[in-house]
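S.K.: Mind looking over this structure? Questions follow.
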């Protein structure tokens, strides 16, 4: 075994003009989450417990787009989604359309461990949550004043705002975003940079796990489901590795990006770093995305083809890094 390793992300695709104070705020949150994960790993918690613990912390803090602080739908509500996967037996759980469960990643784990299914959505998922005693809150808990303002801008621009936290003055405003040549499924989109969160861990026993959580896209259609809850696309873990993706959901879905990392490791014999580099370069077509990954031998890696990705990683031998660009 190569020792434990952990990586976290707060989304791929960062505005080049993101204010320094916002960058530092993101780095502090990622550092705090890494420290929580490191402490848990040193206490011998299994990988699956650690990824849930870290993603819960990210869902609770409103900085990134998950849990409290989630992007708003076209109706001004929050519909969240999450997934979790335990590598040793490839057990998994996923949820979509969550409006009142405080921590969607924990509901995903309940689906994995307490239901006969792998994926529950909308009212069925929330009825299951209530039966399982999950903590419930009003939808207003997840809505921030900042996101209400960004939804207004998105509606005025008649657009889906991918980076709904980009400053709205000057070249980074909604008007400039509308001139972007980027497309999703052939349709024009605005400046792209969602802030999904995720965590991947390999513990000292070589067990890998992954979890991903998001509020989706600002001004998204009601009922839209992205890559984050889709096993093999946004999240994947097996005996070789654990992967969490972020970025253009539709591109990640088409490429089954998370599973591709494991596949090229298994079938092409690539190591983790080679596999991450390969799928980012050759499996996204014209899509924009990023991912974090760990291997059962204790490697940790990240890759992205966007301007930047909020990310952090650490290993048992003392290496620790937090970055944006």
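Even glycines carry a Cβ here, placed using N, Cα and C.
In TrEMBL, annotation is done automatically, which means it is predicted and not curated.
Copying in the features that TrEMBL gives for the protein in this structure:
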ACT_SITE  196  active site, nucleophile
BINDING   224, 225, 226, 227, 246, 247, 248, 249  substrate binding site
S.K.: Do me a favour and check the Cα-Cα span between residue 196 (active site, nucleophile) and residue 226 (substrate binding site); whole Å is fine.
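M.R.: Between the Cα atoms of residue 196 (active site, nucleophile) and residue 226 (substrate binding site), the distance comes to 10 Å.
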S.K.: For the substrate binding residues given in the record (224, 225, 226, 227, 246, 247, 248, 249), what is the largest pairwise C-alpha separation in angstrom?
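M.R.: Overall maximum Cα spacing for these binding residues reaches 16 Å.
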S.K.: Using a 10 Å radius around its CB, how many other CB atoms surround residue 224 (substrate binding site)?
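M.R.: Looking across every protein chain shown, the total is 17.
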